[in-house]
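Take a look at the structure below.
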């Protein structure tokens, strides 16, 4: 699956057409059903506004919210999104009580002059995810006839646009089942694909990957996919301690040791040697007796973390090593924070490593943060606008790094 050859919405003639856009409005709501963080709605605005300005018939928005398990549940209605969307767009938004059916089709077909229509939660129907849950919480497959009703979504548009990268790894009806001649990438998806293509298909070199996480075994598919592509690999987070204990016989105190992951480190090292990849590991640590804001903290060299303590972050010498490696790279792909950045005693190493990535971006390097916890770090230290790209899709970006095909991307038309 090529990431760089997907049809962008800017290459599609939208004039006089019903533009059906899969957005990600899975936003948090408070107890009064008010949207508490509109970031995902804001992220979709460029595509929505483009469709309004260039289509002039109807802009039909569809999304999921929460996990209603294939049944109608007012708690997960998208209706609270309407006032937020209206304020952001500066125009009225029509809400439909269902996402499919004759009444919804009539509303869409009567629309004109760039009218914006928001459909009710896609996941109120079992056919969206292909299953629902019964009263006992057991999964029940959707009826074949119901799954085929993805044609009902197709009836709502003339052109399909996907701008929900965070759901691109899921082969759901709204992601892969809409059968229209042109299926384009919205601006948000287009940006995601462009940046991941820069790293995974045609990176400027040296190409550095920074990978973190608690367990090596969780990142084996990512490491395996990236080793033939990168020039250097910084291992951070808890899994670095499994590397240190296994490869260098370092005492790691009470730190988590990934027994299963340790058994394949030999293969990883051999593969790195085969592809001439430098693996960079920490050389000192910040330690803590517990993962809590009132933890007793200390420091440790590369040789030994004392019993009763865990490695909670890297030390100053490790940061210097990371900074040097980051400064030398022209493409940097980062997934996973260096340490337990939530702890008050040890934010600085994480922040210092992020600062190095920001400086690299400012000097012209491509720096991509792969969603999830790493994106949270970027937001915490207000670095989102200083990095080349912070991915909006934790699960989707992880699957791209693993070399997997994303169903929602594969379903898009080629240029």
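Each residue, glycine too, has its Cβ placed from N, Cα and C.
Long-range Cβ proximity for residue 66 ((2R)-3-phosphoglycerate binding site), meaning a same-chain Cβ under 8 A and a gap of 6 or more residues, is found for 26, 75, 76, 121, 123. Summarising the annotation, Swiss-Prot assigns (2R)-3-phosphoglycerate binding site to 23, 24, 25, 26, 39, 40, 63, 64, 66, 67, 122, 123, 170.
Of all Cβ atoms in the protein chains displayed, 25 besides its own lie within 10 Å of the Cβ of residue 336 (CDP binding site). Residue 336 (CDP binding site) carries neither a helix nor a strand DSSP state and counts as coil. Residues or ranges marked as CDP binding site in Swiss-Prot: 213, 218, 237, 336, 341.
Under the DSSP three-state reduction, residue 237 (CDP binding site) is assigned to coil, being neither helix nor strand. As annotated by Swiss-Prot, ADP binding site applies to 213, 237, 341.
Residues annotated as AMP binding site in Swiss-Prot, with similarity to another entry given as evidence: 214, 215, 219, 238, 311, 342. The Cβ of residue 238 (AMP binding site) has 22 other Cβ atoms within 10 Å, all protein chains considered.
In sequence order, 212, 334, 335, 336, 337 constitute the residues six or more apart from residue 374 (ATP binding site) in its chain with CB-CB distances below 8 Å. Residues annotated as ATP binding site in Swiss-Prot: 214, 219, 238, 311, 342, 373, 374.
Per Swiss-Prot, Mg(2+) binding site is recorded for 214, 218, 373, and the stated evidence type is similarity to another entry. Every protein chain considered, the tally of other Cβ atoms within 10 Å of the Cβ of residue 373 (ATP binding site) stands at 17.
Same-chain residues with CB within 8 A of the center of the 214, 218, 373 CB atoms, the Mg(2+) site residues themselves not counted, are 212, 213, 215, 219, 237, 238, 239, 336. Ranking the binding-site residues 39, 63 by other CB atoms within 10 A of the CB puts 39 at the bottom.
Its Cβ placed at the centre, residue 237 (CDP binding site) has 27 other Cβ atoms within 10 Å. For residue 39 ((2R)-3-phosphoglycerate binding site), the nearest neighbour among the listed binding-site residues (213, 215, 238, 373), judged by C-alpha distance, is 373. Within 10 Å of residue 219 (AMP binding site), counting C-alpha to C-alpha distances, fall the following of the binding-site residues 63, 122, 170, 213: 213. If you check the binding-site residues 23, 122, 238 against residue 213 (CDP binding site), the ones with a Cα inside 10 Å of its Cα are 238.
Among the binding-site residues listed (23, 122, 170, 373), 373 has its Cα nearest to the Cα of residue 214 (AMP binding site).
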